[in-house]
Amino acid sequence: MFLSSVGFSIVIMSIWPYLQKIDQTADASFLGWVIASYSLGQMVASPLFGLWSNYRPRKEPLIVSISISVAANCLYAYVHVPAAHNKYYMLIARGLVGFGAGNVAVVRSYIAGATSLQERTNAMANTSTCQALGFILGPVFQTCFALIGEKGVTWDIIKLQVNMYTAPVLLAAFLGILNIILILFIL
């Protein structure tokens with residue numbers, strides 16, 4: 001929960017300046033849609049992943065949902081590449097990150113099933129604490145990336161720009177991969 005929450009909130013503060021940089025036609029109203037697309041994606045995915053986890057091992061929807069978030073964060077890192085309509089790529093990327101975050105119910109369901117009645121309250125409280133800390137610390141981590149600057153480093157071969165706007169999502173993608181590894185070997 002901590003890693004997923006950091007992955008969400010580490011990008012929030014840079015969305016608006018990055019959106020303005022990649023697409024001059026983007027306005028504040030469109031920014032609202034970009035921000036809301038995360039929640040809409042999560043709202044759509046939560047019951048789907050929950051239903052999936054009712055019939056299959058919980059590892060499956062967790063790994064798939066986090067993989068979607070990793071791919072969506074990589075898409076976000078490349079929204080500068082298309083020649084036009086970049087704001088729509090950002091909208092899709094944030095919606096898919098939200099879709100991948102639709103696994104919260106699966107996590108809480110796993111905790112409920114893996115703990116005794118006496119342990120459950122403490123485990124749920126710890127999960128909520130980790131989630132809250134991730135939301136709080138994400139923007140703190142993002143400020144470190146401001147040191148990279150807007151130009152950053154570009155790898156022309158793969159058309160990847162690592163700058164103050166893309167480095168946070170690349171870290172979020174890395175945290176997602178770390179999360180998948182932890183699920184595979186520890187959960």
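Going from the start of the chain as shown, residues are counted 1 onward.
Each Cβ is built from the backbone N, Cα and C atoms, and glycine gets one as well.
The domain 'Major facilitator superfamily (MFS) profile' annotation in TrEMBL covers 1-187.
Through the fold, the transmembrane segment (31-50) approaches residues 8, 12, 15-16, 19, 61, 64-65, 87, 90-92, 94-106, 109 of its own chain, all at least 6 residues removed from its boundaries and within a Cβ separation under 8 Å. Annotated transmembrane segment per TrEMBL: 31-50 (among others), in sequence order.
Proximity of distant same-chain residues to the transmembrane segment (62-79), defined by a Cβ-Cβ separation under 8 Å and at least 6 residues beyond the stretch ends, is recorded for 4, 7, 11, 22, 45, 49, 86, 89-90, 92-97, 99-103, 106-107, 110, 159-161, 166, 169-170, 172-173, 176-177, 179-180, 183-184, 187. Residues or ranges marked as transmembrane segment in TrEMBL: 62-79 (among others).
The transmembrane segment feature in TrEMBL is assigned to 91-111 (among others).
Residues annotated as transmembrane segment in TrEMBL: 132-149 (among others).
TrEMBL lists 169-186 (among others) with the feature transmembrane segment. Within the chain carrying the transmembrane segment (169-186), a Cβ under 8 angstroms from the stretch's Cβ atoms is held by residues 3-4, 6-8, 10-11, 59, 62-63, 66-67, 69-70, 73-74, 76-77, 97, 100, 141, 145, 162, all 6 or more beyond its ends.
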Remote residues contacting the transmembrane segment (132-149) - C-beta distance under 8 A, at least 6 residues beyond either end: 1-14, 162-164, 167-168, 171
